[in-house]
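TrEMBL has this to say about the protein:
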- D88, H195, S197, E348: Mg(2+) binding site (BINDING)
- D88, H357, D394, H395, H476: Zn(2+) 2 binding site (BINDING)
- S132: active site, phosphoserine intermediate (ACT_SITE)
- D353: Zn(2+) 1 binding site (BINDING)
Amino acid sequence: MGWVTIDKSTTDDDEERMHPLFNFKATERSARLEKRALPMLRFEYLKNRELDSNHWQELGQSILEKQLKSKSTLNTNLAKNVIMFLGDGMSIPTLTAGRVYMGGEEKQFSFEEFPYMGLSKTYCVNTQVADSACTATAYLAGIKANYATIGLTAAVSLYDCAGQNNTAHHVSSLAAWAQAQGMATGLITNTRITHASPAGIFAHIANRNWEDDEQVLKDNGDTNVCPDIAHQLIYSAVGRKLNVILGGGRKHFLPKLKSNGSRLDARNLIQEWKSLHGSTAHYVETREELFNLRKSANKLLGLFAMDHLPYHLDSDTKITPSLDEMLQVALDILKTQSQGKGYFLFVEGGRIDHAHHDSLAMKALDETVEFDKAVQLAQLQTSNDDTLIVVTSDHSHTMSVAGYSSRKNDIVGINNSQMGLDGLPYATLSYANGPGYTNNLLPQSTGFQRKNLQQVNMDDKDYQFPSAVPLDSETHGGDDVGVFAKGPFAHLFTGVYEQNFIPHAIAYASCLGSQKTACSDGLHPRR
């Protein structure tokens, strides 16, 4: 149909395309934009109870009762267990569009029904718009960092190998604080396990792209001074103690020559992990192996793809486990291995972000729906009395929901209320920038003309939605992201705050770390 088909997996080059490493320079302010007159609108009304004012009165009263009930008594129990969900790139417009994709504007994701929510400010120390590296340091370790660095203070700049090696610049994560209290810990993602967000759990790295030794050497780094992220997962203090590690990225643990991996040091880090942890540690690569796991497993490493796990819409569900399936197995192990001391689990739905980068709005929304399934399962498997669940995002994206479509209009289709000034329809979802620019234009002798979307198959899962500015990869957005919480001390997450506040609030509720906690305030005996 004329658009570019996106490869279902990403490469190392894609990381530089999606998350460019650049010099920050001041630019001239853009020219002032002028408003355009609004064409005549066309609406299609719903023929149902919504036409009756009583419906809205009853709905308003129902919400009021729910709010009063959920907020009448503060839950100040000790958060024995903590589950943190991270929807990578899950912006507010992604949630709005995702509800419609799920079935209608009135729908809600399960975490949107949590009693408390707030907004976090996502900027890095040195950039207005963040990436997943500096944000991971903020929401996991409690400090803001520089763009593309992980687990390090802002005293360390991108590529600073010596700074990475200086332990004075290292900052520890919630997982480290939990392990210090004897809690079981786990990590789940559908991206590479060495990717920026999951790496925030265990790594200290001056370049998020240093996922294996080849990438460190590519940037003239010394692998003895700057160990790569995969190596740190196996040998770092936090990585060694993780009870559950599930995700993708197998290539970063395997030698290049013998196993089609990407390591140049000829090491097989998977075998080394097995040797470190003995017979009660288990390694799996498929969904079947995951579900046939012996109950005696005290440690689990699952790498289900050489690269990222496939998008849900592309996945072979017989081979690749879903996010909620990985979560179920992880909870079973963590509950056993915690030995009554509780657990900390980090769960990332990371492919929301990747779909947005390629302007694949349908896949981004579908990944958000899949992410919510894991949140629903976590609620069913835990108690609100002793488990704090926090759902948030690291940053936004530039996708917007535009126009004045009638209710129930296809969210991944054409706006059905008006035409553009060029007499052509436009998509309800579009991006401020990205690869969908040229894909939706027809070259003309006098310039460019937009394609007629009525002649385009927008139902194709790989259709790239229109962008205003041509880029190889759509960028992140700088707007605030939502934080949703339920369980002990969930009320702490209301308001608008810096992103690095999140782990401070979690630590308070669960009595983790050396800062102010509910235990130091005398609300609970120390763990």
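Please read every residue number as a count from 1 along the shown chain.
Cβ coordinates come from backbone N, Cα and C, glycine included.
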Residues lining the Mg(2+) site besides D88, H195, S197, E348 (CB within 8 A of their CB center) are L86, S132, A136, T189, T191, A196, P198, G349, G350, D353, D394
Among D88, H195, S197, D353, i.e. the binding-site residues, the one with its Cα nearest that of D394 (Zn(2+) 2 binding site) is D88
Of D88, S197, H395, H476, i.e. the binding-site residues, those within 10 Å of the residue listed as 'Zn(2+) 1 binding site' when Cα atoms are compared: D88, H395, H476
Looking only at the binding-site residues H195, S197, E348, H357, H476, S132 (active site, phosphoserine intermediate) has its closest CA neighbour at S197
Where S197 (Mg(2+) binding site) and H476 (Zn(2+) 2 binding site) are concerned, what is their Cα separation in Å, rounded? 15
H476 (Zn(2+) 2 binding site): which of the binding-site residues D88, H195, E348 is the nearest Cα neighbour? D88
Among D88, H195, E348, which are recorded as binding-site residues, the nearest neighbour of H395 (Zn(2+) 2 binding site) by Cα: D88
Within 10 Å of the Cβ of D394 (Zn(2+) 2 binding site), how many other Cβ atoms can you find? Include all protein chains, please. 30
Could you tell me which of these binding-site residues, D88, E348, D353, has the fewest other Cβ atoms within 10 Å of its Cβ? D88
Rounded Cα distance in angstrom between E348 (Mg(2+) binding site) and H357 (Zn(2+) 2 binding site) is 17
Just jot down the residues in the same chain as H195 (Mg(2+) binding site), at least 6 apart in sequence, with C-beta under 8 A of its C-beta; none if empty. S132, T189, E211, G247, G249, H308, G350
Residues near H357 (Zn(2+) 2 binding site) in space but at least six apart in sequence (CB under 8 A): R17, M18, G89, H397, G434, S473, E474
